[in-house]
Each structure stands twice: as structure tokens, then as C-alpha cells.
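A short worksheet on the structure shown next.
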Amino acid sequence: MSEGMSAARRRIRWIGPAAVAVGLTLGWAAGLGQGRTSLIAVIFFLAVNWIPGEADSPGMLGLICLCLGGLMGCGLGAIAGDPRLPLFLISVTLFHLTEFTFCVLFHEKDIEFRAFLLTPVPAAGYSVAIVAAMAEFWVRCALGGFALPGLRTAEVVLGASLAFAGWALRTAALFTAQSNFTHLVASQKESGHRLVREGVYSLCRHPGYVGWFVWSVSTQILLGNILCFFAYAWVSWRFFAGRIPHEEEMLVRFFGDEYLEYAREVPAGIPNASQLA
């Protein structure tokens, strides 16, 4: 990486937080209703699929931070009413901002648009999932909902608690592993790469994936979505069941018996996703 390119990417260390703060303020002050906020969120999550993953200009990255901060601000500003959609937006935007922050701190060469994980799968699959969740939520609202008030409160408390717990687990996994964790499965062992076994990695081998799984599925409990709950659970499990065996193949290649011993002692975390244990 050239010195000029490195300096440009480092500027996002202050541009990003500033853009998020401005977005939060504008979103909070806008006082948009949940309907308009949903429309803006749909447009944003669909539009990001036209941004190249390798886009790394500070202006573009700052704009994404501004938009995510704005959506979070809209959520915070509307949380006093029906909290379901606002909490969903807060949870989603917090997730993506955390992923980007992790890359800024520990993977300078990867500071680019794909670090937000807004387009983690091909064919706009992630964006479609977000839009589908909001669509099911609004259809349920239009039909009067299907839950008693007491049950709805329980859904919100349970869904929000699990969603933020899942986010916290993934965040702990990222910041415990630091540079040893990468968004893409590594095919070569970098110098200094070590097998992380402490902290949340003593509980399961893939706490970052467990956190993502719990977070994604729990957002649908929060919204009270039935169809998307099962769809999110199935698609998330399929994704990790396809990713974990390949990743563990690389880890065995990198660490040999050390990883095999680790696999015997600590569960994978995602049921039936690992070929080791």
C-alpha cells in the first residue's frame, strides 16, 4: 500500500466518528415518522449494492457512516412510540458501524466499503433480507398484529435483549481476536497470526458466528416477524454450515494438532456446522 493511500485511509479514523455524530444529530432532530424512516432505510440498503466493495475514498466511507448514523438517530428519536422498528434499526446500524470500526482499528489495508458488511452475500441477498423483515413488520401492523399486548411486550424485551447480546458476543469476539480475525476466510497464515483461545473463544470456537446468528434471528423476535424468523434462522445456519468447514480446514492447515486439540475441548458453537466436533 502506498504511503499516500495509507494516509488517506487513516483519515477515516476521524472522518468516520464525526460523520456518525452528525448523522445521529440530524436523524434525531428530523423527527421522521416510522413510515418515512422505513422508506429511507429500504432505499439505503438497496442502494449500497451499487457501491463497489473496494471503494475506499474517505468521502464515500464517511458518507456511509453519515447514513448509518442518521438511521440510528431516526431510531433513537422514535423509540418513545412503538419501540420495535426503532430498536431494529438501532441494532442493525450499530452492528455495521462496529464491523467497520473493527477494520479501521485492526486491518488498515481492508478499510474499504466491504468492511461495513452491508453486502456480505451476492445478489443483494442481505439487502433483500432487511427489506423483507421491514415489509413483514408493516404487513403485520396493517393487519392489526397477531399478538396480545402483554405478549408483544415480551417479544420486544426478549428480542431486544437477545439481539444486543448477540451483537455484544460478536463484538467481544472481534476485539479479543483483533488482527487474528478477518471478515474473509484467510487462505495464507500471516506472520504473527496465532490461535486465539482465551476470552469468549474459551466458550466456543466461533463466537463471532454465534453472535451474528443470535443477533440476526433475534431481530425478528423483536419485530414479531414469524416468516422472517424461520427464514433468517435457516439462511444463517446454511451460511455458517458452508463457511465453518472451509475455515476450519484452513485453521488445521495453519495450526495442525493445536487446533485439533482445541476442537476436541471446545464446541464449535453453531450446531451441526463443523465436521470436527
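We count from 1, first residue shown onward.
Placement of Cβ uses the backbone N, Cα and C atoms for every residue, glycine included.
TrEMBL labels come from automatic prediction, so no person has curated them.
The feature transmembrane segment is assigned by TrEMBL to 12-31 (among others).
For 37-53 (among others), the entry in TrEMBL reads transmembrane segment. Residues of the same chain lying 6 or more positions beyond the ends of the transmembrane segment (37-53) and with a Cβ under 8 Å from any Cβ of it are 60, 64, 67, 71, 74-75, 78, 85, 89, 112-114, 118-119, 124, 126-127, 130-131, 134, 138.
The annotation transmembrane segment is assigned in TrEMBL to 60-81 (among others).
Through the fold, the transmembrane segment (87-106) approaches residues 12-13, 16, 20, 37, 41, 61, 64-65, 68-69, 71-72, 74-76, 79, 115-118, 130, 133-134, 137, 156, 159-160, 163-164, 167, 170-171, 174-175, 178-179, 181, 183, 215, 219, 222-223 of its own chain, all at least 6 residues removed from its boundaries and within a Cβ separation under 8 Å. Residues annotated as transmembrane segment in TrEMBL: 87-106 (among others).
According to TrEMBL, the transmembrane segment annotation covers 115-139 (among others).
Taken from TrEMBL, the feature transmembrane segment applies to 212-235 (among others).
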Cβ under 8 Å, sequence separation of at least 6 from the ends of the transmembrane segment (115-139): give me the contacting residues as numbers and ranges. 35, 38, 41-42, 45-46, 48-49, 51, 53, 64, 68, 84-85, 88, 92, 95-97, 99-100, 102-104, 107, 183, 219-220, 223-228, 231-232, 235, 239
